[in-house]
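So that you can see what the record holds, here are the features copied from TrEMBL:
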| type | residues | note |
| --- | --- | --- |
| BINDING | Gln34, Leu35, Arg36, Glu37, Lys38, Asn69, Ser107, Lys136 | 4-amino-2-methyl-5-(diphosphooxymethyl)pyrimidine binding site |
| BINDING | Asp70, Asp89 | Mg(2+) binding site |
| DOMAIN | 9-188 | domain 'Thiamine phosphate synthase/TenI' |
Amino acid sequence: MMTYNLHTYFIMGSTNANLAILEEALQAGITLFQLREKGKGAKTGDDLLQFAKACQHLCQQYNVPFIVNDDVPLAIALQADGIHIGQDDAHAATVRKQLPHAILGVSAHNKKEIKQAVLDGADYVGIGPIFTTASKDDAQQPCGIETLQALQEAFPRVPKVAIGGITTDNVQAVRATGVNGVAVISAISAADDVKAAVTSLRNM
Ligand code: TZP
Ligand code: MG
């Protein structure tokens, strides 16, 4: 498995952002990248394959692991560095078998889901949404910092990334819980100044 760092994790698809934004984010020092191609106008088929390859190529240039959301066949076709799945996606233990050497991330919302993800072979868990988010249609209710803190204390050694509504205004409170990193879509993809946004998220 490729070494990876959850610290400043950027997630996007062609409906939130584009290759120029990804390259700027890579230049500014994101530590991990996930291609999450969702929503109205999402690419499929060969368009998706070409876009995914372009994202992967950029990530390789900056030595940042390239993770695919949900799409196991795409992750296999591209030999992606990792795969991230939610509770409603393929079973984590099955994905672990299909991609034995990939970084495996699993979204989890409570102690039970974290325990199961670890048993299934997850390398890290994604916890969220922490705050209200406009970037995920089927997001659960925000869990808040206190729940994040409690999950961190319950499983201090399980690598965790917090997600959902994280911005330069609240990232310090999220990092103070001791989680390994923060994952964002809009704080980077919709920033007026992508470089400044990444730099702030990284340094806070
Ligand atoms: N999973 C939980 S919240 C979320 C995902 C994919 C969306 C995060 O987007 P943003 O814009 O950083 O709130
Ligand atoms: Mg999913």
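In case you wondered, yes, glycine gets a Cβ from its N, Cα and C as well.
Unlike curated records, TrEMBL annotations are generated automatically.
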For the 4-amino-2-methyl-5-(diphosphooxymethyl)pyrimidine binding residues given in the record (Gln34, Leu35, Arg36, Glu37, Lys38, Asn69, Ser107, Lys136), what is the largest pairwise C-alpha separation in angstrom? 16
Is any of Leu35, Lys38, Asp70, Asp89 (binding-site residues) within Cβ reach of ligand 2, i.e. under 6 A, and which? Asp70, Asp89
Cβ neighbours of Lys38 (4-amino-2-methyl-5-(diphosphooxymethyl)pyrimidine binding site) where a neighbour is any other Cβ within 10 Å: 16
Filtering Gln34, Leu35, Glu37, Asn69, Asp89 (binding-site residues) by proximity to ligand 1: which pass a Cβ cutoff of under 6 Å to any of its atoms? none
Let me know the model's mean pLDDT on the domain 'Thiamine phosphate synthase/TenI' (9-188). 97
For Ser107 (4-amino-2-methyl-5-(diphosphooxymethyl)pyrimidine binding site), the nonlocal same-chain Cβ neighbours (under 8 Å, six or more residues apart) come out as His84, Ile85, Gly86, Gln87, Glu113, Val125, Gly126, Ile127, Gly128
Identify, in sequence order, the residues in the chain of Asp70 (Mg(2+) binding site) that are 6 or more apart from it along the sequence and have a CB within less than 8 Å of its CB; answer 'none' if there are none. Arg36, Ile83, His84, Ile85, Gly86, Asp89, Ala90
Cβ contacts of Asn69 (4-amino-2-methyl-5-(diphosphooxymethyl)pyrimidine binding site) (under 8 Å, same chain, 6 or more positions away): Ile11, Gln34, Leu35, Arg36, Glu37, Lys38, Ile83, His84, Ile85
Highest Cβ count within 10 Å among the binding-site residues Glu37, Asp89: which residue is it? Glu37
Neighbouring CB atoms within 10 angstroms of the CB of Leu35 (4-amino-2-methyl-5-(diphosphooxymethyl)pyrimidine binding site), all protein chains considered, total 27
10 Å Cβ neighbour count around Gln34 (4-amino-2-methyl-5-(diphosphooxymethyl)pyrimidine binding site)? 25
According to DSSP, does Asn69 (4-amino-2-methyl-5-(diphosphooxymethyl)pyrimidine binding site) fall in a helix, a strand, or coil? strand
